[in-house]
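Feature annotations, reproduced from TrEMBL:
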- 98-241: domain 'Alpha-D-phosphohexomutase alpha/beta/alpha' (DOMAIN)
- 279-378: domain 'Alpha-D-phosphohexomutase alpha/beta/alpha' (DOMAIN)
- 383-485: domain 'Alpha-D-phosphohexomutase alpha/beta/alpha' (DOMAIN)
Amino acid sequence: MFIAMSGKIVQNVFVSQWYQQNRQSGTQLRGDYVSPCMRNSLPLQGGKLAWTSISSMQLCALSKYQSGFANRRTIHCNAAPSTTALPSLDKVDFLKLQNGSDIRGVAIAGVEGEPVNLTEPVAEAIAAAFAAWLVEKKKADGSRRLRVSVGHDSRISAQSLQDAISRGVSGAGLDVVQYGLASTPAMFNSTLTEDDALLCPADGSIMITASHLPYNRNGFKFFTNSGGLGKPDIKDILERAADIYRNFTADGLTSSKEKASASVKRVDYMTLYTADLVKAVRKAAGNIEKPLEGFHIVVDAGNGAGGFFAAKVLEPLGAVTSGSQFLEPDGMFPNHIPNPEDKTAMKAITKAVLNNKADLGIIFDTDVDRSAAVDSTGREFNRNRLIALMSAVVLEEHPGTTVVTDSVTSDGLTTFIEKKLGGKHHRFKRGYKNVIDEAIRLNSIGEESHLAIETSGHGALKENHWLDDGAYLMVKILNKLASTRASGQGHGSKVLTDLVDGLEEPAVAVELRLKIDQNHPDLKGGSFREYGEAVLKLLENSVDSDAKLQKAPVNYEGVRVSGFGGWFLLRLSLHDPVLPLNIEAPSHEDAVKLGIFVLAAAKEFAALDTSALDKFVQPS
């Protein structure tokens, strides 16, 4: 619940404490907005809370109403007619901006069928809501001002959204420190760094990014020193933001701009972050100043935020980086999608490696929380192969540890981790936050895990605070190159290639997407999720009656089945009305047999678009 006066988000410590006390005792807010005991404690005008000279140092978040309250109303000031909520603001369904543990929306007009829903006022409301959430989370009592760091990737909407975010946070009485162009991992790191000159640590952090999505999209990721926020936290923040948004005023939006311009500070945090990466490689090589001297390494940043890696990490370590490409930030992404899973992107970095006769190629996604590599022969280290490489590195350091991955990893990877490396493979669910949280959970119950990694390129290590950091993953690979050469045991990227020797890889690996038509009468008013679950249940029952197929004995997502020398996994998308189908097999013929089995069950559901699967199983 928020109290707005001229757009200021009034967050009163006393009110918050009163609210918590009376919620426990069952007191309900009356129809006149404020309990009698509050009337004697807070300034009122016309029965509503009025603006006072209380400083923002004394302000703290007033909690949202809970289910125990009879009336769910937003208290707002009415000290002047100009404080009336703006009727001209576009209506926005805030909850539709949630994308798992992130927020994503359309920030730039111009793409047909994609109306803008992430405007500056929307961003300001979300930032104010995060500030309120953070004050509650930190149990701030007003003795000091909380501090929020804000950074962004190269998107063309980044600057305007950074300004809006800054207004929302500063308007809620918190300090704002802008980092400008930054990486997502650096933003989380800012909540851990202790450096007064850089105004660290930050109590909370906001990264403005939409990962690899097109130029017109943008979004936000949130961090505290405990890590990234989870789905329930994001839902909570969006609900608060909707309340704030409804009570924005014209005077208030103007006032927030003036307040933010006077209170925002700017620092160069990325210099410190990159210096720490350099130190990590030097330490692994025995404190050699230039442990990568003689190595030729090219970087492809895809015009995202990762261009720093060539000049600020590799070159200080002695590497030659000529031939690196697309290092300049350009939010239109003119060369290729900055995505290590994208075939065009991987072809681009592979070509750069071969053309420049480089030892290694490194590619990042837009905000540098994902990465992949290419060896001197053009062999890609992404998806299962990247997981195998990182598993080999980590299991050398932590023998027998558990490697947590997402659900679409191959059977060959399991064999490699468990038989070749002597570790344990714990295949979990899709979603990098799911994978990381599962690794943390395993450690909490006594099962040691040091690596959580997705086929998408999100990878997190226990030693790095479980942060999915694409740059740190590459640093671990560089550590291996540097330390191996320093010990005289090898040189060049063949060291890495040898680490994944023995990984069985399928001849055929495909992912098909079966879309659910939410408007189809076959749904009978139900949700796409319920419909998708019904598809999975029928498929599971079909497997039980076929002796040639076997369900995975341990499975956390969808229906995973082995047969015909391969396997398939049909699961429900985390966010969309889609059933992704992954098939891996030793031949196209075997893959088609698995596809035909899935198709037989899928055809029972009229709202399911099986056209992609139909095409796959047709004789070529």
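Placed from the backbone N, Cα and C atoms, the Cβ positions cover glycine too.
Since this is a predicted model, take the numbers as computed values, not measurements.
On the 0 to 100 pLDDT scale, the domain 'Alpha-D-phosphohexomutase alpha/beta/alpha' (279-378) averages 96 in the predicted structure. Broken down with DSSP, the domain 'Alpha-D-phosphohexomutase alpha/beta/alpha' (98-241) shows 52 helix, 37 strand, 55 coil. Across the domain 'Alpha-D-phosphohexomutase alpha/beta/alpha' (279-378), DSSP classifies residues as 29 helix, 18 strand, 53 coil.
Note on the domain 'Alpha-D-phosphohexomutase alpha/beta/alpha' (383-485): DSSP counts are 57 helix, 18 strand, 28 coil.
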